[in-house]
Amino acid sequence: MTADTPSWPEVLSALLARRDLTEAEAAWAMHQIMSGEATDAQIAAFAVALRAKGESAEEVSGLSSVMLALAAPVPPIGEALDIVGSGGDRAHTVNISTMAAIVAAATGVVVAKHGNRAASSACGSADLLEALGVAIDLDGAGVARCIERAGIGFCFAPVFHPSLRYAAVARREIGIPTVFNFLGPLTNPARPTASAVGVADPRMAPVVAGVLARRGMRALVFRGDDGLDELTVTTTSTVWVVRDGSVQEVAFDPRAVGIEPADTAALRGADARHNAAVARAVLSGERGPIRDAVLLNAAAGLTAFDTPRPDQLVDQISAAMTRCAAAIDTGKAAQLLDAWVEASQAARGVDADRS
């Protein structure tokens with residue numbers, strides 16, 4: 001394959017031969033897709049062949065770099081954190097990462113969350129935030145205003161990645177998870193400097209960690225050993241600690257930070273209205289397994305932001321959980337949500353005036 005001018009037959013032949021693409025080759029394919037040059041057949045063949053071979057960190061880096069380059073911009077926001085899950089665990093839990101993001105922001109860390117509506121559950125992060133009263137359809141300037149006024153903002157994926165529409169038909173018609181399902185956590189247009197990322201697919205979790213390491217980010221990538229795309233409270237989790245361009249895999253047991261195991265059923269959610277009521281209850285201090293899960297994942301975010309250390313992970317998460325619990329119990333988390341709702345609605349009004 002010629003590095004300067006790859007072609008679809010060359011790219012697809014390489015994947016069928018189970019050869020990893022270079023970052024540049026993967027980037028070429030993604031640019032073809034997101035510019036509308038690729039046909040539905042080419043997109044479907046690429047996604048399926050890549051999935052069958054197994055995605056590499058270099059390939060996913062190429063794909064995600066093109067998405068970020070073509071994304072609608074967000075004004076620079078400095079050091080920031082994202083807490084996000086890949087979805088796809090089919091467990092239909094409440095929106096743990098979204099609640100965790102609010103709690104983390106209430107401790108004083110700037111949070112820039114990136115998300116979408118539900119794909120495989122009844123309620124995605126965008127659905128929950130909308131039910132809570134947050135204006136989700138803001139442009140980059142609106143997101144930045146929310147961060148300035150409330151310390152947290154939300155980038156709604158369809159607003160910032162409109163070129164993904166070119167892959168929509170192929171993704172829908174092949175009907176199986178592909179690399180596109182894992183690009184969301186890697187393509188936050190606000191470009192946070194730290195991430196806590198839950199990945200349900202055991203094959204993709206270390207790949208996601210590898211992509212973040214290649215970017216020089218600080219991150220915790222994790223998968224519950226029960227299959228959840230969260231740091232789970234039902235059993236142990238596997239964690240990939242990302243710092244200084246490297247990845248180290250460690251095991252994490254929630255009992256080490258004082259959490260007694262719960263059943264997955266205790267975390268189950270429903271539609272956006274139900275999950276919004278749960279979120280307000282947790283942010284107002286309600287105790288139980290959902291609070292434990294929210295504290296644990298918010299603490300993972302703070303640990304990633306503060307630079308994670310594999311040999312001190314339990315101590316770091318334990319200390320961060322104390323900060324997160326205080327943010328809830330002092331009322332700061334509930335107050336932050338109210339401030340975010342107000343800031344987002346005001347920003348929506350500014351957007352409307354500009355248009």
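Backbone N, Cα and C define each Cβ position, glycine as well.
If you look up Swiss-Prot, you'll see Gly85, Asn116 marked as anthranilate 1 binding site. According to Swiss-Prot, the feature 5-phospho-alpha-D-ribose 1-diphosphate binding site maps to Gly85, 88-89, Thr93, 95-98, 113-121, Ser125, an assignment based on sequence analysis. The Mg(2+) 1 binding site annotation in Swiss-Prot covers Ser97, Glu230. For Arg171, the entry in Swiss-Prot reads anthranilate 2 binding site. Marked as Mg(2+) 2 binding site by Swiss-Prot on the basis of sequence analysis: Asp229, Glu230.
Here Ser97 (5-phospho-alpha-D-ribose 1-diphosphate binding site) comes close to Ile83, Val84, Gly85, Ser125, Ala196, Gly198, Glu230, Asn297: these same-chain residues lie at least six apart in sequence, with C-beta atoms under 8 angstroms from its C-beta. The most densely surrounded of the binding-site residues Thr93, Asn116, Ser120, judged by C-beta neighbours within 10 angstroms, is Thr93.
Most Cβ neighbours within 10 Å, among the binding-site residues Asp229, Glu230: Glu230 holds that distinction in the structure as shown. A distance of 16 Å separates the Cα atom of His114 (5-phospho-alpha-D-ribose 1-diphosphate binding site) from that of Asp229 (Mg(2+) 2 binding site). All protein chains shown were included, and the count of other CB atoms within 10 Å of the CB of His114 (5-phospho-alpha-D-ribose 1-diphosphate binding site) stands at 27. Nearest by CA distance to Thr93 (5-phospho-alpha-D-ribose 1-diphosphate binding site), out of the binding-site residues Asn116, Arg171, Asp229, is Asp229. Note on Arg117 (5-phospho-alpha-D-ribose 1-diphosphate binding site): other Cβ atoms within 10 Å of its Cβ, all shown chains, come to 17. Between Asn116 (anthranilate 1 binding site) and Asp229 (Mg(2+) 2 binding site), the C-alpha separation comes to 16 Å. Of the listed binding-site residues, namely Gly85, Arg171, the sparsest Cβ surroundings within 10 Å are found at Arg171.
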